[in-house]
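To keep things clear, I will list the structure first and then write my remarks on it.
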Amino acid sequence: MSERLSGHTLLVSLLATPIRHSLSPKMHNEAYAKLGLDYAYLAFEVGTEQLADAVQGIRALGIRGSNVSMPNKEAILPLLDDLSPAAELVGAVNTVVNKDGKGHLVGHITDGIGALRALADEGVSVKNKIITLAGVGGAGKAIAVQLAFDGAKEIRLFNRQATRLSSVQKLVTKLNQLTRTKVTLQDLEDQTAFKEAIRESHLFIDATSVGMKPLENLSLITDPELIRPDLVVFDIVYSPAETKLLAFARQHGAQKVINGLGMVLYQGAEAFKLITGQDMPVDAIKPLLGDE
């Protein structure tokens, strides 16, 4: 990267903590090199206490954009000038664009687009499909919004203590009003309803942290009768590459099992385009993710 750096190099950042596990610097810097773009991508260990100063730094230094991850995806909202329609619905941001470096910051959420592009890459369409989605944190909400925007017939959301999540209930109401998709919210502790939903679904999406450390030995589905030859199972966790859920689904004959690496790639590609105006060379970047 040092050969590419110059007095004209444009900086893109990542604001999150922890950041050491992030695939983003490798992805974006390799993409800049492939396209000959005079950009550099750096990760900064920033939590909510330093976030306001960091955002002011984006404005002051003319940083062209930033990715935002935990714990800053919701905390950054009041620090921005505008939000995309999806980010406003979700109530979270993972990409900030500083157009022309002039300090007007617009927040976007690319998690949903990334998930849907990952599914499409595997030949999975969500249009007119019934989908069960577990976990309605920032990523889960973004995926739910994109599923509705892309024409899913029905989305059955499940989350622990779901009835206490007023923000999610508001999202459900808005999606039912704004789209033709039927969206419902139920408690994940209601295993009868959860199992019934999966039995009637074409696609099950796990957007919880179950399956990654320290929960790597757990799975939301443990009943083999729930796994059918026409069921697609998508776990947004990418490390480990095969979670216990995906291994269980594969062993019991699911139509297809998909991990979160594709979502990482395509949400990054969408952020890349928002900031640079260029398409990320995803075919060249995809092999890098397999090294992890």
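Just so it is clear, glycine is given a Cβ too, placed from its N, Cα and C backbone atoms.
When Ile109, Ile236, Ile285 are compared with the NADP(+) site residues Gly135, Val136, Gly137, Gly138, Ala139, Gly260 in Swiss-Prot, the one appearing in that site is Ile236.
For the shikimate site, Swiss-Prot records Ser22, Leu23, Ser24, Ser69, Asn94, Tyr238, and the single candidate of Asp53, Asp111, Asp121, Asp223 listed with them is Asp111. The CA atom of Gly138 (NADP(+) binding site) is located 9 Å away from the CA atom of Asn94 (shikimate binding site). Around the Cβ of Ala139 (NADP(+) binding site), the same chain contributes Asp111, Ala115, Ala207, Ile236, each under 8 angstroms and 6 or more positions distant in sequence. Closest by Cα distance to Lys73 (active site, proton acceptor), from the binding-site residues Asn94, Val136, Tyr238, is Asn94. Secondary structure from DSSP puts Tyr238 (shikimate binding site) in coil. Cα proximity to Gly260 (NADP(+) binding site) (within 10 Å) is found for the following binding-site residues from Leu23, Ser24, Ser69, Asn94, Tyr238: Tyr238. When Cα-Cα distances from Val136 (NADP(+) binding site) are compared across the binding-site residues Ser24, Asn94, Tyr238, the shortest belongs to Asn94.
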